[in-house]
Amino acid sequence: MANRTDPRARSIHGTNPQNLVEKIVRAKIYQSNYWKEQCFGLTAETLVDKAMELDYTGGTHGGNRRPTPFLCLALKMLQIQPDKEIVVEFIKDEDYKYVRVLGAFYLRLTGTVADVYQYLEPLYNDYRKIRQKLSDGKFTLTHVDEFIDELLTKDYSCGTALPRIQKRWILEASGTLEPRRSALEDDFEEEEEDKEDGQPMDVDEPNTHEKDHLRGRSPTKERDRERERDRDRKHERHHRDRDHDRDRDHDRDYGRGRERDRDRDRGRERDRERDRERDRHRIRDDDYHRDRDRDGRERERRDRDRGRHRSRSGSRSRDRRERDREVGELRKRRGRGSASPPRGRAEDGPREEPKKRKEKKEKKGSGNGPDPNDPEIIEMNKLRASIGLGPLK
């Protein structure tokens with residue numbers, strides 16, 4: 001519950017405000033003791049006291065990437081989302097430079113492009129020193145205007161990716177912003193006014209006109225005036241060239257950064273494709289070995305079944321041959337062991353049967369056919385006539 005964004009907070013750049021800080025850095029902040037002990041229950045009013053206690057800026061540092069209190073308070077501001085007036089008061093605070101830097105960092109993350117240029121560019125005139133903690137844990141000295149220049153021209157600050165903003169000249173061309181006015185221009189105008197006021201007035205007196213004119217337009221003063229104008233022009237040209245070079249360097253760095261990101265993405269894609277290809281080959285090899293093992297097991301089972309069937313059929317054939325051999329031996333034994341009957345009895349027996357058969361045939365052949373007066377024949381002929389057959393012959 002302590003790490004959730006305020007339900008009344010609106011989304012920034014189309015996402016949760018806390019998502020503007022990378023997930024890994026956000027997890028490190030949630031695990032830090034400063035977040036758990038000092039940032040718990042802070043509101044927009046009480047956060048000012050914690051911001052006044054800051055004594056350095058920075059992102060993460062050390063081997064385990066511990067977050068700085070500056071970054072913890074920035075995430076707390078993203079969580080509670082204070083009003084814009086409070087953030088502007090942070091930026092306008094001239095007594096506490098770290099409060100001003102914290103407000104500028106928060107506005108750079110959440111503000112619109114016009115607000116970023118409107119409220120951060122005046123801080124170029126703040127030359128106070130601030131301490132910054134580097135990623136290796138060491139401290140370095142920098143200035144407020146350098147920190148503001150990093151916010152306006154770089155893509156990363158304090159270990160956090162900054163949202164992209166448009167170039168100033170694009171906003172000036174579209175009419176969103178007015179041309180930048182340098183703080184030195186007022187001094188130049190005042191000097192010009194003082195010089196003009198110091199020149200003598202021309203009087204239309206006949207005798208003194210030429211003398212006053214020569215005194216007011218002396219060659220020495222004229223040369224000094226020209227020299228000052230040249231110096232002012234060189235100064236303005238120098239500022240303009242520096243701004244142009246800074247924008248050009250930023251564009252070049254941005255292009256190189258995008259090219260590096262593109263190369264890194266291509267390398268990661270190649271690594272992913274190589275891993276996928278390796279996984280596909282591994283899966284294909286595993287399937288091949290699995291199929292080969294399964295085929296080997298199937299072949300072994302078929303060979304085992306075939307051998308069992310052969311042994312069973314061989315045993316059956318052996319049993320059949322043995323049984324046939326035993327039957328043949330039994331028949332031979334029976335044929336050898338049976339005694340031949342006496343000749344007289346054998347001759348009488350078989351001869352009596354053919355005689356009886358011959359006598360029966362002779363009896364059948366002696367008659368001329370069935371008797372037509374036989375009642376059975378008559379009954380049979382009636383039955384045959386009823387079904388349409390002729391009489392018995």
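One is the number of the first residue shown, and numbering goes on along the chain from there.
Including glycine, each Cβ sits where the backbone N, Cα and C put it.
What TrEMBL lists as region 'Disordered' is 180-393. Here TrEMBL flags 185-196 as compositional bias 'Acidic residues'. Annotation source TrEMBL lists compositional bias 'Basic and acidic residues' at 206-233, 242-306, 316-330, 344-356.
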- Note on the structure: Spatial neighbours of the compositional bias 'Basic and acidic residues' (316-330) not adjacent in sequence (6+ beyond its ends, CB under 8 Å) are none
- Item | the compositional bias 'Basic and acidic residues' (316-330), counted residue by residue under DSSP: helix, strand, coil | 15 helix, 0 strand, 0 coil
- Determine how many residues of the compositional bias 'Basic and acidic residues' (242-306) DSSP places in helix, in strand and in coil. 65 helix, 0 strand, 0 coil
